[in-house]
Amino acid sequence: MAEKKRPLLGFVGKLPSGTTAGNSGKTHCPLCMGLFKAPRLLPCLHTVCTTCLEQLEPFSVVDIGGGESDTSSEGSIFQKLKSRALQPPIGILCPVCDAQVDLPMGGVKALTIDHLAMNDVMLESLRGEGQGLVCDLCSDREVEKRCQTCKANLCHFCCQAHRRQKKTTYHTMVDLKDLKGYSQIGKPILCPAHPAEELRLFCELCDQPVCRDCVVGEHREHPCDFTSNVIHKHGDSVRELLRGTQPHVEALEEALAQIKGTNSALQERVKAVAADIRTFSEGYIKAIEEHRDKLLKQLEDIRVQKENSLQLQKAQLEQLLADMRTGVEFTEHLLTSGSDLEILITKGVVVERLTKLNKVEYSAHPGVSEKITFSPKEKAGLCRGYEVYGAINTKEVDPAKCVLQGEDLHRAREKQPASFIVLCKDATGESMGRGGDNVQVTVIPKDKKDSPVKTMVHDNKDGTYYVSYTPKEPGTYTVLVCVKEQHVQGSPFTVTVRKRHRSHPGVFHCCTFCSSGGQKTARCACGGTMPGGYLGCGHGHKGHPGRPHWSCCGKFTEKSECTWAGGQSAPRSLLRTVAL
């Protein structure tokens, strides 16, 4: 196997004009933020300095097999080897992406060296006029030249010594400043097992680069070839894998772009909705404030109106009182100090005045009450287009003015719901127009006063209350309706509960012939028959007694209570099967 000649210069191509070397490479460690020093490539393809990786806190990777080591009968050496093999592997977390990195047996230094990063670091150093690069031989002085044959960076002193040696006299030396335009600077990669040898071969069996000493040693008889001969096959496989990965990258970029767009749209939508909320809230606040001002003005108007009424009533009562006192004082003085003749002469005027004063009508109670309530849950209509709540109420229910309404006030049926309406009014007889009054209804059987019937009172929120109850037995019941613990007008009253409404067992028909299926001898409760049979004119004939009626009891109203007493001998028992 013949080795192909390598290019004399250890660099590949120049960068386009205007492009700085190392722009596209990674040159700084994500941990120490300095230029890479012995960079190691992690399985997640992030590069970190060896020193930085060694400073990370390692952890034990959980052994899936588990179990304790068996030390029953093996020798001490075997036990040590086994225990070492059974030790759980050590891992670290990638400082960039937090991916778990299982360290090989050699630890951090056994990880793959990132030679691309080392090349980028060298190019980065070249941009700084070589600052930071030290001689590969003496490791002390700054680099001035590079041997393109040995791929070594040399200081001025080592460069002269390099030229004086016979083996290296004809090596090509290049100034560092002449390498700044190149995109890659070749540097020999030495074998970790044989540091004096360069990795030029590739073992297909072990899938790793090897040197010449490795080929004649541990890789003897393994299929090996020069790297330049196998790079095409392995490079093509990597490119194929890259082509399969690229669509995922594009899909993820598109997904992230969509997420970014959605997030932007979300932010804009949130701003728009927030603006709507603020507009709504500000409008609602203004509506509430306006409604508040209206309520306060209404309250002030009510105060002025009530005070004026009280002041007027007060002035009238004070004037009447003054007139009464004048009449009383004058009359008492006349009766105690006047002579008989004086009394008789003045009697007419006094009697007329006192009679007139005694006929004056006045109220011993204030004409208005101090009752003013605020109902925060009561709807107050719209204000600025918003539904607002809260109303001032000055009306006070007067039980004596409340009335009862309904068809079931005085009659009901057993086990059937009965209901009536309580209409609450104020002292002027005007409907309250709102709910909230304490309406209490009690239904008591006459014979069982200790077993009241359960009642339901529903507030209709308009001044009316729907009362319902279901008597269990027939009889006489007493109903008590109270508002503010006072009986309303017409309370208490009695209700006569009759037996449950009885339905008709017969048929509502025009004649016995039709409803009996053509039986001429059939009879009806009305007593009529059709001996001549059906005349063939459909149900248009009058039948007997000339109008539709119930066959069981003879009633002419279809929706009525049956009064038939029953009995097997009744002739109308035949009319049970045919209905019109």
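Placed from the backbone N, Cα and C atoms, the Cβ positions cover glycine too.
Unlike curated entries, TrEMBL annotations are predicted automatically.
Copied from TrEMBL, the annotated features are:
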COILED    249-323  coiled coil
DOMAIN    29-98  domain 'RING-type'
DOMAIN    130-176  domain 'B box-type'
DOMAIN    186-222  domain 'B box-type'
REPEAT    394-497  repeat 'Filamin'
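Shown for the domain 'B box-type' (186-222): DSSP residue counts in helix, strand and coil, namely 5 helix, 8 strand, 24 coil.
In the domain 'B box-type' (130-176), the DSSP tally of helix, strand and coil residues is 10 helix, 11 strand, 26 coil. The DSSP breakdown of the repeat 'Filamin' (394-497), given as helix, strand and coil counts, is 3 helix, 51 strand, 50 coil. Across the domain 'RING-type' (29-98), mean pLDDT in this model comes to 71.
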